[in-house]
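Novice: Below is the structure I would like to discuss, written out as structure tokens.
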Amino acid sequence: MESNSKTIAWFRRDLRIEDNPALAAAARNGSVLPVFIWCPKEEGQFYPGRVSRWWLKQSLIHLEHSLKSLGAELVFIKAQSTLSALLECVDAVGATKVVYNHLYDPVSLVRDHNIKQKLGELGISVQSYNGDLLNEPWEVYNDDGKVFTTFDAYWEKSLCMQNEPVSHLPPWRLTQAAGSVKMCSIEELGLENELEKSSNALLGKRWAPGWSNADKALTEFVENNLLAYSKDRLRVRGNSTSLLSPYLHFGEVSVRKVFNSVRLKQILWTKEGNCVGDKSANLYLRAIGLREYSRYICFNFPFTHERSLLNNLKFFPWNANQAHFKAWRQGRTGYPLVDAGMRELWATGWVHNKIRVIVSSFFVKFLVLPWQWGMKYFWDTLLDADLESDIIGWQYISGSLPDGHELERLDNPEVQGFNYDPEGDYVRHWLPELARMPAEWIHHPWDAPLTVLKAAGVELGINYPNPIIDVDVARDRLMQAIFIMREKEAAVNASDANGTIEVVFDNSENVGDSTNPKDVVKGKVPCPSSSSYDQRVPSMGNVCMNKKRPKPEEETKQLKDNGLSCKNEGKMSNVDGDLCSTAESSSMKKQMTNSRNSFSVPRAVSMSYDRKTFDDEASSHVKLQKEEEIDTEINSCKNGKAQTL
């Protein structure tokens, strides 16, 4: 390779120096221009929420200092078009190559493929690398060359494919590519506005973004907390998990390094006969596998951010009740564990994975609200918001995955409260109005004697709401909705007996006999680059159908541990509840027009955006109006101070 060549190193969610294959390749090729391009317009409906943007800003500042110490300045560009910004950088320094690491979400897949094509047509070499996964999504297939649609089968195959650990050493020195590039400061990117700064300052008391801090967090977890992970991981309060998920999302630590660090510990414990350590390592590696699987599914079935992987929800009669959606967001459903989880999310941008499972299950099964709404709200409010993990998590809860929750299953929040918060400490912390309730009644205050309620200062329906819906009523309504769904599906199947209804290959419009996604068969897809590391694009050709998922054996089956994907839960600070919500802040950034055949996510959650119909009946009339701001009733979230949970 020519030592005088100039390479654009395009950073995205790979904000680290160590084990960064694109940066390592650029450093070997001569001079480098490190670039971060912020294009809010291209983020569309998935414009990041406030706390997520705060993390991104801090991580970029950290990366900027690291690159400067190596001899190269990170160029910040705010643009209307990523492609145009890259072309301006190429022209400014006379670059001959652009390198970057892969992303797998639907927005990035389309953008990256177009950019690679356009640059290739202009004679600019483009090479992309795997900096985010153990195995690329197009590398893992079953023996017939088809895509896996269950996690256990996928993960077993992935583990068998693991070779010798691969790591890209950080460059010792970088040479800045000469040239004048129009750039802006980190503040001019607009990742944080003035109204957000006071609340964001609280985040810095509990979190330390940046790749070197990610390395410290990994070491702390592996050396001090991994051993007890199997025992502690279900504690909904306290430091019970690794807290690595935001670092992994922004690529501040490579998943290869996390995997290898845990695996080495596991090997040591196995030799010592330490069964507890071996179990803990296995469970944590499985969590890493779920993150891998989320990208695998989203790549091979790129419609999953809008529609279920299985066809079972195509005719489901969702209840698009805006008032219920608001009550859920505010933590005023009348079910203490659900409300505590939503108050914590509102105040901190963080909740334990078990709580994520509980609140999302309540959302779908009790309130029968569209899972896409919940997924978008999580995206807007979580500090570790990760689109692929959110997609898999919400589809898992909605019974949309072959190995997910059964749609018929309805878990009682009261029972879950006694299982995961037996003394009520978590509820008392986030629901101060219930702080004096005895543990015996705290998860079902509506059953408490009047004398107990009076002594605790609880006035149901006044300072704490009555349950938004009775458990038995919710179960009956869910069963009725499933019955309606199956009737509609049967009617459509009967009308298509002669094959008159068109079937398309993205699985979303198929109304045929099977409920499983079509298998994608491995195949070569042309890509405009000569690199052996090329990112492929999804292909839906040569498909066949799997067998239907078996019916649930019993409704009370214990909740599966793999829950909402690889979200490592933990603790963080309170955030000032007087400011507008993350979701509303996100909505003000972007306004888009709904298509005629679409449903709207309420603007209190996100900006409007085009969607294909998720239910033929509902799409004709579900046009939700703008909702008022979140009530100031949630006094536990107001004027919050940093607290240790």
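Placement of Cβ uses the backbone N, Cα and C atoms for every residue, glycine included.
Feature table excerpt (TrEMBL):
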BINDING   TYR229, THR241, SER242, LEU243, LEU244, SER245, TYR284, ASP384, ALA385, ASP386  FAD binding site
COMPBIAS  551-560  compositional bias 'Basic and acidic residues'
DOMAIN    5-134  domain 'Photolyase/cryptochrome alpha/beta'
REGION    526-570  region 'Disordered'
SITE      TRP318  site 'Electron transfer via tryptophanyl radical'
SITE      TRP371  site 'Electron transfer via tryptophanyl radical'
SITE      TRP394  site 'Electron transfer via tryptophanyl radical'
Novice: Reported in the order helix, strand, coil, what are the DSSP residue counts of the domain 'Photolyase/cryptochrome alpha/beta' (5-134)?
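Specialist: Split by secondary structure, the domain 'Photolyase/cryptochrome alpha/beta' (5-134) comes out as 64 helix, 30 strand, 36 coil.
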Novice: Relative to the Cβ of TYR229 (FAD binding site), which residues of the same chain, six or more apart in sequence, are found under 8 Å away?
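Specialist: Result: THR241, SER242, SER280, ALA281, LEU283, TYR284.
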Novice: Would you mind checking how many other C-beta atoms are within 10 angstroms of the C-beta on TRP371 (site 'Electron transfer via tryptophanyl radical')?
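Specialist: Its Cβ shell of radius 10 Å holds 24 other Cβ atoms.
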Novice: For LEU244 (FAD binding site), which of the recorded sites TRP318, TRP371, TRP394 has the nearest Cα in space?
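Specialist: Smallest Cα separation from LEU244 (FAD binding site) among TRP318, TRP371, TRP394: TRP394.
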Novice: Between any two of TYR229, THR241, SER242, LEU243, LEU244, SER245, TYR284, ASP384, ALA385, ASP386, the residues recorded as binding FAD, what is the biggest Cα to Cα distance in Å?
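Specialist: Result: 23 Å between the two most distant Cα atoms.
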Novice: Using Cα coordinates, what distance in whole Å links TRP394 (site 'Electron transfer via tryptophanyl radical') and TRP371 (site 'Electron transfer via tryptophanyl radical')?
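Specialist: A Cα-Cα distance of 6 Å.
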Novice: Please report the Cα separation of TRP318 (site 'Electron transfer via tryptophanyl radical') and TRP371 (site 'Electron transfer via tryptophanyl radical') in Å, rounded to an integer.
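Specialist: Cα-Cα, rounded: 9 Å.
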Novice: Could you list the residues of the same chain, at least six apart in sequence, whose Cβ is under 8 A from the Cβ of ALA385 (FAD binding site)?
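Specialist: Sequence-distant Cβ neighbours: PRO48, GLY49, SER52, HIS249, PHE378, TRP379.
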Novice: Given the recorded positions SER242, LEU244, TYR284, TRP394, which one's Cβ is surrounded by the fewest other Cβ atoms within 10 Å?
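Specialist: With the recorded positions SER242, LEU244, TYR284, TRP394, fewest surrounding Cβ atoms within 10 Å: LEU244.
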